[in-house]
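What follows is a single structure, written as structure tokens, with notes after it.
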Amino acid sequence: MATSNSPFLSLIIFLSIPLLSHSEPQLSLDYYKATCPDFANIVTETVTTKQIATPTTAAATLRIFFHDCMVDGCDASVLIAPNKFNKVERDNELDHTLPGDGFDVVTRTKTALELACPMTVSCADILAQVARDLVVMVGGPNYPVLLGRKDSLASQLNDVEPNIPQPNMTMDHIINLFESKGFTVHEMVAVVGAHTLGFAHCSEFADRLYQDPDMNPKYAEALKKFCSNYTKDPTMSAFLDLYTPGKFDNMYYQNLLKGLGLLSTDQMMAEDPRTRPFVERYAANQTAFFVDFAEGMQKMGTIDVKTGDEGNIRRRCDVFNTVRT
């Protein structure tokens with residue numbers, strides 16, 4: 001029998017997931033077959049080199065992909081760098097901690113693709129494909145990535161806060177936010193499983209260390225000591241998955257059932273009767289998590305995509321084109 005991390009399971013997951021019926025008709029799996037036939041190979045080669053050199057890249061890119069898709073759709077608007085003329089998404093405080101390695105791997109991939117097929121591949125498609133390849137690299141499931149997105153023509157600071165889950169939100173608020181993007185509670189719990197990778201800054205969870213009865217007391221005490229100087233050093237952070245932070249697995253859900261969720265919004269999923277059954281399911285069955293996460297990521301990647309004249313292909317991912325293309 002294949003194990004949960006075997007290539008056979010990834011292949012089964014890839015072949016068993018149907019294309020989403022709500023996807024834009026312009027998106028397809030072979031969108032660049034004629035115009036950039038080496039697209040997939042170039043992405044994989046660039047991603048592999050970056051992840052081996054910097055193992056935090058997978059978590060970083062997943063977080064950026066999530067922030068991009070949740071705010072006005074998967075259109076690379078989060079990639080636009082701040083400048084003195086326009087307050088963009090990355091100027092919002094919620095995006096200040098988006099990791100640089102995620103932006104770097106997209107930039108490297110765009111540079112390589114521009115050499116092979118200039119002004120052909122959108123930054124939005126690059127981000128989606130890179131995120132998938134990185135999930136696979138760290139042991140997660142494979143899944144099909146629909147392609148054909150255009151890059152946004154705008155990026156606005158004020159669009160971020162209403163669309164990104166925050167540590168002080170109630171479960172009602174978070175469920176409503178995901179429902180507004182077309183996700184069921186079941187799908188929400190699955191895609192939040194991306195927290196099996198990465199870290200959170202102490203400022204995002206410090207308050208709950210002193211007042212959250214659902215948190216494992218020994219874990220809380222250890223974090224109090226670890227984060228004792230976070231006000232002086234705002235870069236201090238802790239892994240979201242205490243035991244296997246660099247491996248894509250179901251340990252995140254197992255941790256939640258033990259009161260070892262780092263963020264209050266994560267731990268609430270193990271306590272709320274609407275979400276706990278799915279936490280328990282994924283904690284007990286990694287294959288079920290992988291299948292549902294793969295479906296959720298495919299769905300995430302088609303939120304409000306720009307096609308046709310709604311966007312363009314950027315020459316650089318961090319700046320708008322001076323002339324529409």
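Glycine is treated like the rest: Cβ placed from N, Cα and C.
TrEMBL annotations:
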type     : residues                                 : note
ACT_SITE : His67                                    : active site, proton acceptor
BINDING  : Asp68, Val71, Gly73, Asp75, Ser77, Glu89 : Ca(2+) 1 binding site
BINDING  : His195                                   : heme b binding site
BINDING  : Thr196, Asp241, Thr244, Asp249           : Ca(2+) 2 binding site
DISULFID : Cys36-Cys117                             : disulfide bond
DISULFID : Cys69-Cys74                              : disulfide bond
DISULFID : Cys123-Cys317                            : disulfide bond
DISULFID : Cys202-Cys227                            : disulfide bond
SIGNAL   : 1-23                                     : signal peptide
Glu89 (Ca(2+) 1 binding site) versus recorded positions Cys36, Cys117, Cys202, Thr244 - nearest by Cα: Cys202
Using an 8 Å cut-off from the Cβ centroid of Asp68, Val71, Gly73, Asp75, Ser77, Glu89, can you name the remaining same-chain residues around the Ca(2+) 1 site, in sequence order? His67, Cys69, Met70, Asp72, Cys74, Ala76, Val78, Ser152, Ser155, Asp159
Residues flanking the Ca(2+) 2 site, with Cβ no more than 8 Å from the Cβ centroid of Thr196, Asp241, Thr244, Asp249 and excluding those residues themselves: Leu197, Tyr243, Pro245, Lys247, Phe248, Asn250, Met251, Tyr252
Using a 10 Å cut-off on CB atoms, tell me which of the disulfide-bonded residues Cys69, Cys227 is the least crowded. Cys227
Rounded to the nearest angstrom, how far is the Cα of Asp75 (Ca(2+) 1 binding site) from the Cα of Cys36 (disulfide bond)? 20
Using a Cβ cut-off under 8 Å and a sequence separation of 6 or more, which residues in the same chain sit near Thr244 (Ca(2+) 2 binding site)? Thr196, Met251
For His195 (heme b binding site), the one of His67, Asp68, Cys69, Val71, Cys317 that lies nearest, given that the recorded positions are compared by Cα: His67
Can you tell me how many other Cβ atoms are located within 10 Å of the Cβ belonging to Cys117 (disulfide bond)? 15
As a test of the contact definition, list every same-chain residue at least 6 positions from Cys123 (disulfide bond) whose Cβ is closer than 8 Å to its Cβ. Ala76, Leu79, Val106, Lys110, Asp151, Arg314, Cys317
One residue among the recorded positions Cys36, Val71, Cys74, Cys202, Cys317 has the fewest other C-beta atoms within 10 A of its C-beta, namely Cys36
Spatial separation of His67 (active site, proton acceptor) from Gly73 (Ca(2+) 1 binding site) - C-alpha basis, Å: 9
Tell me which of the recorded positions His67, Asp68, Asp75, Cys117 ends up closest to Asp241 (Ca(2+) 2 binding site) in space, Cα to Cα. His67
Binding-site residues considered: Asp68, Asp75, Glu89, Asp249; fewest surrounding Cβ atoms within 10 Å belongs to Asp249
